[in-house]
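The annotation domain 'N-acetyltransferase' is assigned in TrEMBL to 4-198. Residues or ranges marked as acetyl-CoA binding site in TrEMBL: Val83, Gly84, Val85, Arg91, Arg92, Gly93, Val94, Leu95, Thr96, Ser119, Glu120. Annotated active site, proton donor per TrEMBL: Tyr124, in sequence order. Here TrEMBL flags Phe404 as active site, proton acceptor.
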Amino acid sequence: MSDYQIRLLEESETRAAHTVFLGSMHNAPASDESWELGSRGYPTQRCFGAFRAGRIVGSAQSFPSTMAVPGGAVLPLAAVSRVGVRADHTRRGVLTELMRAQLRQIRELGEPLASLHASESVIYGRFGYGVACRGRTVEVEASRGRPVPPLPGVGEVRILDTEELATELPRIYERIGLHRPGMMSRPRGWWLMQLERRLALKERIIAIVHSGPDGDDGYALYETTMVDAAPDRQDRRIDVFDMHGVSLGVVLGLWRFLLGADLVRSVRAWLRPLDEPVELILPNRGDCRTANLEDETWLRLVDVPTALAARTYGVAEPVVLEVHDRFLPENSGRYRVGKDGVERTDAPADLELPVDALAMLFLGDLPASQLAATGKLVPHEPAALERADRLFSTARSPHSGTFF
Ligand SMILES: CC(=O)SCCNC(=O)CCNC(=O)[C@H](O)C(C)(C)COP(=O)(O)OP(=O)(O)OC[C@H]1O[C@@H](n2cnc3c(N)ncnc32)[C@H](O)[C@@H]1OP(=O)(O)O
């Protein structure tokens with residue numbers, strides 16, 4: 001590694017870093033037009049580069065955001081993205097040093113959480129990230145002749161004009177709020193990259209908005225693809241890639257609208273929360289299938305005591321966790337966690353776990369007993385497992401719903 005230098009990038013170097021990232025993902029460099037639109041969302045002073053002989057060969061960046069944790073508190077979050085090392089420089093520790101520099105920066109910036117979406121599940125566990133939210137890809141056959149019956153409390157659904165998307169959707173997302181553990185705020189740069197750039201490149205994106213008694217309270221963004229065309233038939237599939245609502249009822253109202261669209265054979269929605277029971281609104285629940293169950297958010301507790309203290313806990317006697325963190329050793333230690341709060345302690349550990357397993361517990365995705373049974377957590381006091389299950393459990397499945 002001594003041949004490599006890791007440092008923050010100057011703004012003038014970010015396009016080269018972007019090309020390295022795209023290349024690592026087997027993609028061509030961005031066109032001038034795409035770069036001109038996408039670079040406006042590039043974070044400054046948060047892109048790290050790895051250099052060899054003055055040439056950039058790897059990069060990793062993050063942008064500032066916030067994330068809701070169980071109980072409703074919202075914490076500063078570093079959203080890590082565009083990580084890549086040139087294929088002719090991999091497996092020499094370049095990513096390890098990029099991650100080390102980035103985690104230090106995130107700590108210094110006072111962001112207790114970091115999250116990312118991984119291209120492969122083998123990469124990030126060693127850096128202390130664990131899967132904290134999962135999602136299911138749901139595919140529903142549009143049941144022609146058997147429409148979804150009316151649902152209680154569903155309001156109006158309208159289609160937005162394309163020109164309205166860039167202003168209306170950020171407004172509605174903000175209005176919906178971070179009401180579920182794992183949901184994150186979307187800075188302006190996110191909307192520029194994920195929506196405005198795609199609209200400017202003339203991608204056909206359709207948005208519907210749900211309004212209830214208090215105004216706009218949900219939306220879905222989707223594309224359509226022709227799956228079968230015949231002289232007397234045009235069958236399309238709707239692909240929903242972004243959908244949020246203030247409540248489950250609102251989201252199911254959006255589903256109902258999509259399933260009633262003409263010329264549509266099926267509706268597929270990507271990475272939906274695990275507690276969104278679409279099958280229950282269908283005349284035939286067999287028309288709905290889970291096409292995939294996937295990891296959604298990888299979470300890193302960068303400041304363990306701050307993160308643990310920010311969430312609420314269920315009703316049970318406290319447990320003492322012994323946490324190990326190889327990359328940020330200041331997090332290592334014992335923590336007494338209970339419904340009345342969290343404190344460092346010298347008391348003997350009930351449960352011992354690495355910081356990546358703590359991330360799997362933290363938002364309520366997996367119970368401690370499952371982590372113990374799979375060897376991710378060591379129970380020194382077996383009775384503490386049931387207490388930990390109750391302390392960390394949450395009423396709603398954690399889910400981010402924001403891809404970056
Ligand atoms: C948030 C995002 O942006 S996700 C996108 C991530 N980027 C990609 O997938 C692009 C393609 N891949 C790459 O660019 C690189 O292979 C990276 C970034 C994943 C890894 O970079 P490298 O510099 O090779 O990682 P580094 O050498 O530091 O590896 C550290 C350890 O992880 C292991 N490792 C890293 N990547 C992988 C992998 N893809 N598969 C298996 N093991 C891996 C290494 O073997 C090494 O193990 P060791 O410590 O036991 O020796």
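Every residue, even glycine, has its Cβ placed from backbone N, Cα and C.
Predicted automatically and left uncurated, TrEMBL annotations should be read as such.
A distance of 14 Å separates the Cα atom of Val94 (acetyl-CoA binding site) from that of Tyr124 (active site, proton donor). Around Val94 (acetyl-CoA binding site), taking its Cβ as the centre, 23 other Cβ atoms fall within 10 Å, counting all chains. Of the recorded residues, the residue listed as 'active site, proton donor' and Thr96 (acetyl-CoA binding site) place their C-alpha atoms 10 Å from one another. Separation of the C-alpha atoms of Arg92 (acetyl-CoA binding site) and Phe404 (active site, proton acceptor): 27 Å, rounded to the nearest whole number. Taking only the Cα positions, the spacing between Thr96 (acetyl-CoA binding site) and Phe404 (active site, proton acceptor) is 21 angstrom.
Residues Val85, Val94, taken from the recorded positions Val85, Val94, Tyr124, Phe404, are distinguished by a CB atom under 6 angstroms from ligand 1. Cβ-based neighbour count (10 Å, all protein chains) for the residue listed as 'active site, proton donor' stands at 25. Cβ contacts within 10 Å of Val85 (acetyl-CoA binding site), excluding its own Cβ and spanning all protein chains shown: 23. For the pair formed by Val85 (acetyl-CoA binding site) and the residue listed as 'active site, proton acceptor', distance between Cα atoms is given as 18 Å, rounded to the nearest Å.
When the recorded positions Thr96, Glu120, Phe404 are compared by the number of other C-beta atoms lying within 10 angstroms of their own C-beta, Glu120 comes out lowest. Cα separation, the residue listed as 'active site, proton acceptor' to Glu120 (acetyl-CoA binding site), rounded: 15 Å.
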